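*Asks:* Input: one structure, supplied below.
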Amino acid sequence: MAEEQVLNTHNASILLSAANKSHYPKDDLPEIALAGRSNVGKSSFINTILGRKNLARTSSKPGKTQLLNFFNIDDKLRFVDVPGYGYAKVSKSERAKWGKMIEEYLTSRDNLRAVVSLVDLRHAPSKEDIQMYDFLKYYDIPVIVVATKADKIPRGKWNKHESVVKKALNFDNSDTFIVFSSVERIGIDDSWDAILEQV
């Protein structure tokens, strides 16, 4: 899919929620997974780049997404929202279950083209952020790192924060790094360019 205009990004809907591979859609549409810590702004990212207010439900309570949520975009592409990691109020067994579900999807889904790994630009990546990035690199899954909440930092400090994030991740410069803000609508075009390059 070389041209963005062939995709009507506003024609989007939630397709289904899945707990395991028996529930995944049975076709060959390309999929982009979205991964990140609870409350990093995954739902806001989805809503913003699709130009929709409440397609992905945002929540002030982290850990709301407990299944893989598949979003259909113009019958040409899917986003797959995976459960947010690193939320302390979820039991260890529940976290292990989520981890297994995410790992099964990421390592066995032929439709998967890339993962948008969301991190918070304001802070150094967490241990879980680093583990996720390392996991994706190990399995040779293309990664698009999107650093959210840029509006909370003065623009003059973005480069410094970007350097901190990249250093902690041991960022591979062949991957894409995007500074993003759903509030100020920064990084939308760059995100689409990176996504469409993979599908």
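Even glycines carry a Cβ here, placed using N, Cα and C.
I grabbed these lines from Swiss-Prot:
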type	residues	note
BINDING	36-43, 63-67, 81-84, 148-151, 180-182	GTP binding site
BINDING	S43, T65	Mg(2+) binding site
DOMAIN	28-199	domain 'EngB-type G'
*Asks:* With H, G and I counted as helix, E and B as strand and the rest as coil, say where DSSP puts K42 (GTP binding site).
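*Replies:* Its secondary structure by DSSP: helix.
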*Asks:* Indicate whether L67 (GTP binding site) is helix, strand or coil by DSSP.
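*Replies:* Its secondary structure by DSSP: coil.
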*Asks:* May I ask for the distance between L67 (GTP binding site) and S43 (Mg(2+) binding site), taken between their Cα atoms and rounded to an integer number of Å?
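*Replies:* Cα-Cα, rounded: 14 Å.
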*Asks:* Quick one: among the binding-site residues K42, K149, which has the most Cβ atoms sitting within 10 Å of its own Cβ?
*Replies:* K42
*Asks:* Would you kindly give the Cα-Cα distance separating K149 (GTP binding site) and S43 (Mg(2+) binding site), rounded to the nearest Å?
*Replies:* 13
*Asks:* Give the sequence-ordered list of residues that share a chain with G36 (GTP binding site), lie 6 or more positions from it, and have CB atoms under 8 Å from its CB.
*Replies:* K42, G84, Y85, S117, L118, V119, D129, M132, T148
